[in-house]
Amino acid sequence: MSLSHLLRRLCTTTTTTRSPLSISFLHQRIHNISLSPANEDPETTTGNNQDSEKYPNLNPIPNDPSQFQIPQNHTPPIPYPPIPHRTMAFSSAEEAAAERRRRKRRLRIEPPLHALRRDPSAPPPKRDPNAPRLPDSTSALVGQRLNLHNRVQSLIRASDLDAASKLARQSVFSNTRPTVFTCNAIIAAMYRAKRYSESISLFQYFFKQSNIVPNVVSYNQIINAHCDEGNVDEALEVYRHILANAPFAPSSVTYRHLTKGLVQAGRIGDAASLLREMLSKGQAADSTVYNNLIRGYLDLGDFDKAVEFFDELKSKCTVYDGIVNATFMEYWFEKGNDKEAMESYRSLLDKKFRMHPPTGNVLLEVFLKFGKKDEAWALFNEMLDNHAPPNILSVNSDTVGIMVNECFKMGEFSEAINTFKKVGSKVTSKPFVMDYLGYCNIVTRFCEQGMLTEAERFFAEGVSRSLPADAPSHRAMIDAYLKAERIDDAVKMLDRMVDVNLRVVADFGARVFGELIKNGKLTESAEVLTKMGEREPKPDPSIYDVVVRGLCDGDALDQAKDIVGEMIRHNVGVTTVLREFIIEVFEKAGRREEIEKILNSVARPVRNAGQSGNTPPRVPAVFGTTPAAPQQPRDRAPWTSQGVVHSNSGWANGTAGQTAGGAYKANNGQNPSWSNTSDNQQQQSWSNQTAGQQPPSWSRQAPGYQQQQSWSQQSGWSSPSGHQQSWTNQTAGQQQPWANQTPGQQQQWANQTPGQQQQLANQTPGQQQQWANQTPGQQQQWANQNNGHQQPWANQNTGHQQSWANQTPSQQQPWANQTTGQQQGWGNQTTGQQQQWANQTAGQQSGWTAQQQWSNQTASHQQSQWLNPVPGEVANQTPWSNSVDSHLPQQQEPGPSHECQETQEKKVVELRN
């Protein structure tokens, strides 16, 4: 094969295959072939063959080219650099460029994870104590704080600003503190309602007294409130405070409010100086700030100065919105110079800029204000033609509302409906998707005109579009129904308002319920009010007052009694005047004791079924204490500071409507009792104790208040075996005392895993905690029960019941079927010994889990724990409170009278059986 033939073959191979060949390898092969006579063309090698026949052994050439020996004087070819291997991933350069742009966009949208979060292994950075505190970011508006924000916003939308303010203010003292966004929402709502003094007071409360860090929006709102109230100097003080102390600079909105206030106060020179200061601080030229100054100079008649500022704005403003042209148009219309006004309008249209809804709305209002309806309709139609969402938004609900209101003002109701549904005439224009504000406006307008048929049609259309429910439209419909004497429809609309969780404000609710009761809708009013009480926030006390008085005047005493019970249960509170009225009415009917029993009862907050046991009870919706509510003694430590309560310890995880073991009742001197809910179970009284005897420490209540609790075995509680524990239901503000322990002391209670050991800590080998052998003054009498009344004690078998009755002072308290004189030693136990309570089987939980507090322990008192509960059993610790002056449980030195080890083991085996 010749060299040229081989080169052609190699060239063909390299052009038809995608895998490239190494240039150095190709040169080496060509070099070997050129020196090998075996590969030469036969026609050109005839002479060489003859020489080889003549000299057969002359430089023999092997057949394998790889074994060919290159002469020493031969110079090897220069090696070329290797070509890197690259696959052709794109068909064109444009496709490759598009891929690069896509990757860059993705990096901008999705930054790498290491840029989003800090390395978890790295220690947290230390905060500079001298660094200024920064306001909350939007990432703080999550979880419970977001729920609080939504609740406040719902109250604001319902126009119940007092309830929203109360909720936000009282949340400062809870674990869920409001964010700066929640504070700004209620402050802005007060400003919009022209309640400037309350807005300023809320700012002082949140950001100065409650130590919440304000942001620039907070300062802008308080500056705006000061300016509208006429206190421009106070607004300037806030502005100087921002410059001196805030970790951010004032925004353009800050200068808008300040220049507006200064111009309204007649200090236009100070406003101009503030504009120069804004520009010197690097702020961009703002058309609204310039418009405030131009409006001020036009009002003063200084047209040249206004034009000067307008020219300055056009030279500095990069994006002009056309609002200043509307100011000049209004000025010329007021002067009666319509020609100049329209010339200013045409100059604005000649700019061919995209008109946004705020600018178009201002121009529409100017045209309609001065009777230029043709120009207004032409501008409205042009805005509809240019509306092509999502890229171009030329119309909003305010735009349509302006023209609809003009139609109602002129009495053209059919034209109002057509305007409401009007669409642009251009091919590219799209219909405006009306929001709930637009539907609320047209429904309100029809209700004002008494056109309930059209109002109902648009109201139903808004509901069918799944728009968010709004309180103003519901209130307008209810008022229209009452005005038209359609009482049943008014009741249905009020019921729907409650169903969609809209707030019924105090003034509106009192007026509507009064009208319903006046028209004989007593039962319906009570039903709607009951449904309102099941939701948060609770109805205002004034609404309850109107309904209760109406029911009493209508001789519906049973329903009035139920409503009063709901007021007590919801912690709404009964005023003194209403209380006297109710008692007087029921006394005339001979039912005074019945209503007094309800009025003197005290509701206890019930934890929701979804809450865990290690969280404090839910704060009622309406704060404050009921007059009959018992107060917590001051010397008790609150239970909320303890972290040892488990979710299955029976803290009232009941179903809806269940009360956790009863409620506080003032039983005219009766002592509290533990009452069993079963019919065949007897009550065990904690009363009738002789002088010198000390009641259990957990039952100490304030004078005049007793606690009636029950061993109620209700379904839905969190005990493992269905045995419910019913020792909660405290009123708002009451907390379970856990024994005034000094720091460092902790009591480990029940619900420990089998691997955990419960032991009587820090006792000497000779010390034993005695439940018996107490002096006559130190014994606890277990209720002087009649003979035969036995207390079933935690799943005992038949015949294994303990009688706690009829004990004399010299008798001892038998624990777990002990005979008189037997003592139960709780100390000196080895690790393998285990205490059991009253014949429990594996997996059962004793009903005696009313964990009594350790009374008044001091720093020298030891920590109490039980020893090694049997696997599957939940240890039933009953800390004793048989304390006298020393407030310590009895201890006894080791002696012959103690229980021996064999007796103890026999007792344990017997209890297991």
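Glycine is treated like the rest: Cβ placed from N, Cα and C.
In Swiss-Prot, the motif 'Nuclear localization signal' annotation falls on 99-108 of the listed ranges 39-48, 99-108. Looking at 134-167, 508-541, the range tied to region 'Leucine-zipper' in Swiss-Prot is 134-167. Within its own chain, the repeat 'PPR 5' (321-355) is flanked in space by residues 287-288, 290-291, 294-295, 298, 306, 310, 313, 362-363, 366, 369-370, 372, 375, 383, 386, 392, 394, which lie at least six positions past its ends and keep a Cβ under 8 Å from the stretch.
Look at the repeat 'PPR 3' (251-285): DSSP puts its residues at 26 helix, 0 strand, 9 coil. For the repeat 'PPR 10' (505-539), residue counts in helix, strand and coil come to 25 helix, 0 strand, 10 coil, using DSSP.
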